[in-house]
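Trainee: According to TrEMBL, the protein carries these features:
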- 155-174: transmembrane segment (TRANSMEM)
- 180-198: transmembrane segment (TRANSMEM)
- 219-240: transmembrane segment (TRANSMEM)
- 252-271: transmembrane segment (TRANSMEM)
- 292-312: transmembrane segment (TRANSMEM)
- 332-354: transmembrane segment (TRANSMEM)
């Protein structure tokens, strides 16, 4: 059995900056990879991590068999990068028949992958490589300058400032400076929610998936395009319903009612958008002869969720006395809500049963 000296490059600087494909196995290969990375970017800490791993490898091999390996993820840090690292790690463990590992990293971001590593192999130690800098480099100006050059940081600081400046200039130009405060607050608030809720990572993953589908000639590209179109239609449909009542001569509905109108008008378009994406994925998995049992669960859960949102919005609108066209008897509204909840539950259970049955069938076929 072999002990691994594992160097992790979560954001794939090896591939992006140096053009090196991971996993990089062996002392010489890692020296070459680290050298290429230093030549392309002398300030990159991942190169120092690899050299730190080589030093540790030399020390460990004096006592027991070991091998040094560097694995890289993806520039889109998150699910995509972590899945790539997990896949490479499985391959390396199987190929080298490793049973222990010492993880070498340059900071907390790479070490956040420890659960992925620990779920596959026993971790003996974690070594963090910290680069010592001269006094000049540690100056406040240099630290701030390098921070703003980092895209992960400047997206958080520069984009909101840019949005605020642009909106303020536009409202000054149209002679309505009072509206600038409202617009800036709303835009920055929306952007911060977009970043903090992980929607930026979701969008990045979607873009990567679409690019892979296009280059690989997969059905998912067409399905994804249809999904985007349906999503836009859903938003427009909801906005039209919202605006129709908001622009009424006697606006007495309240914003909760308007929100329910938006949901009721658009929910099935949103469901269609999600289903288009999911069916495209199922077809691709089927054509590539991969298991698609879990994907059916998503389909039925999407239908159940759509039914719940539709039923809830319909019920709230029906018991509201402000809009006559939705008004029905209170008991009839309660019955309708109960039926939608029961229907959503049945759909969910049906989805789980189908997924479980297909999973068992896949296991039987592989035995």
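Any Cβ shown, glycine's included, is placed from N, Cα and C.
Any idea what these are sitting next to in the structure?
Mentor: Packing against the transmembrane segment (180-198) from elsewhere in the chain are residues 155-156, 159-160, 163-164, 167-168, 171-172: each is 6 or more residues past its ends and has a CB under 8 Å from a CB in it.
Proximity of distant same-chain residues to the transmembrane segment (252-271), defined by a Cβ-Cβ separation under 8 Å and at least 6 residues beyond the stretch ends, is recorded for 230-231, 233-235, 237-242, 245-246, 302-303, 305-306, 309-310, 312-314, 316-317, 320, 322-323.
Within its own chain, the transmembrane segment (292-312) has Cβ neighbours under 8 Å at 263-264, 267-268, 270-271, 274-275, 278-279, 281-282, 285-286, 336-337, 339-341, 343-345, 347-348, 350-352, 354-356, 358-359, 361-362, counting only residues six or more beyond its boundaries.
Here the transmembrane segment (332-354) has Cβ contacts under 8 Å with residues 296-297, 299-301, 303-305, 307-308, 310-312, 314-315, 318-319 of the same chain, all six or more residues outside its ends.
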